[in-house]
């Protein structure tokens with residue numbers, strides 16, 4: 001038997017391909033939305049993986065440091081190193097800020113870390129690690145900073161000595177790593193005016209400004225200019241240590257909150273990005289419905305344009321299943337062209353997106369199956385219309 | 001030998017109650033194999049309804065209808081039976097050729113034997129033979145829009161004949177053609193009727209071709225009146 005659908009497509013391939021192209025761009029948008037969702041989740045997960053930590057110790061009763069603000073004394077790590085099972089501890093600060101770069105602002109997450117401790121960038125793609133105590137930085141390549149470039153962060157200029165990749169915040173902002181002391185100063189130190197005001201207020205306070213106690217005022221004022229706070233202490237555990245038990249010990253004895261990797265994954269994926277994920281999911285549903293409606297409309301229109309041919313086919317004895325197969329095959333063909341165009345388009349334009357778009361092969365397979373199912377379902381309307389065509393209309397009268 | 005078409009007391013009523021319209025009011029007709037019969041009547045006389053009944057696309061309200069010796073609509077004919085009947089025993093030629101535009105000439109003709117279950121290769125061989133018989137063999141690979149009106153009508157006739165059905169129903173087949181081409185089509189129908197013993201009913205308003213029929217049925221107000229024609233067997 002002749003493949004009627006194939007012949008019809010070949011006969012008007014230009015129209016068919018252009019229709020498939022239009023549908024494909026819509027499918028491309030749908031696949032990109034799925035990729036954006038995957039990228040969002042992946043950004044959250046690489047954030048956890050990159051620090052090389054097994055436990056995150058944060059301020060009590062907070063979901064810090066990513067989902068909520070958290071302040072921990074920067075000497076807490078000493079006590080944490082004494083907990084059984086803990087082998088390494090690293091103080092880390094996080095601050096999302098704008099940095100001027102070549103006349104425009106770049107939004108970055110500034111990370112303060114201690115070289116050689118948990119929280120440092122996992123690997124470099126260019127340059128070297130930070131070796132000086134101050135004013136050196138390692139930047140994610142997505143920030144646009146180049147090796148050797150000098151960038152201004154608050155009062156000081158930093159030299160970019162290393163570049164890393166896929167080091168982003170849960171919001172997709174590229175990370176810039178600087179020494180912990182520098183980051184603490186950026187995050188917690190007051191500006192000059194605030195310091196002058198604070199000194200004046202302290203000097204006016206008779207409790208601190210006591211001439212009978214020399215050095216008291218200077219000591220109090222000096223304490224205001226120092227920062228002893230970090231956002232999180234990242235811990236690396238011994239190979240056989242149980243994360244949950246160590247976290248329980250820290251909660252019980254150190255009056256701090258401790259999260260395992262699973263806890264952080266839950267906080268990042270299920271809490272922090274849950275609303276964005278739902279938003280994207282709603283877009284996906286709407287796009288799928290719109291795609292289905294468009295396919296149904298296209299197939300229905302194509303079928304209505306063939307009413308006379310369908311009537312003739314029925315009159316000369318074509319079975320309903322022959323006519324149904326023709327319409328179904330055309331719908332599936334349109335879906336296949338649409339998917340190929342959509343997948344290609346999504347792959348091509350994914351790198352242009354400001355945020356990471358992760359196109360997983362599994363999602364592509366699922367997408368292809370969904371497209372074919374949607375096309376098959378959408379063709380039902382056209383098939384019903386075709387089967388209602390009266391063969392008598394071919395005779396006229 | 002059984003008549004190719006034998007109908008008696010055929011009626012067809014559309015609608016019910018006060019809105020009912022009797023399109024056919026007791027039609028009698030016998031057409032023998034190899035006979036070419038004209039069916040003539042004014043608009044609204046019931047020609048198309050009779051053709052649709054004969055073509056097994058609408059069921060008559062009452063009366064008897066036998067095609068190639070077999071009574072149809074008796075004993076629970078199903079839609080699939082009627083479809084097979086149309087495919088295997090009835091050929092259709094329309095006012096417009098109604099060829100499938102996305103198939104080439106050969107496949108337009110080969111489609112019928114393929115629908116009947118014949119292999120693609122055999123169906124195409126048979127189609128090409130039929131196209132040669134109708135003098136359009138040289139256009140076998142052409143696409144439908146590349147054919148002239150006369151060529152398209154010949155291909156349509158080839159399609160109607162390719163399964164060698166005992167009956168062909170032609171609905172104003174010469175309407176879009178000039179006199180010369182119209183007479184050529186009628187000549188072909190007559191030749192095919194003789195060659196394949198096919199009974200052909202031609203519905204027409206075309207005065208030019210009326211003298212070519214062996215017999216003529218006039219239809220008026222849903223009733224038929226027979227008249228001897230001047231065609232080859234008359």
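Note that the numbers count up from 1, one per residue, in the order the chain is shown.
Positions of Cβ are set from backbone N, Cα and C atoms, glycine also.
Predicted automatically and left uncurated, TrEMBL annotations should be read as such.
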Could you tell me which of the ranges A:309-330, A:331-352 is annotated in TrEMBL as transmembrane segment?
A:331-352
Looking at the candidate ranges A:12-37, A:38-63, report the one that TrEMBL labels transmembrane segment.
A:12-37
Candidate ranges A:12-37, A:280-300, A:364-387 - greatest C-beta contact count to the transmembrane segment (A:331-352) (under 8 angstroms):
A:12-37
May I have the DSSP-based helix, strand and coil counts for the residues of the domain 'ABC3 transporter permease C-terminal' (A:281-391)?
94 helix, 0 strand, 17 coil
Confidence summary for the domain 'ABC3 transporter permease C-terminal' (A:281-391), mean pLDDT rounded:
89
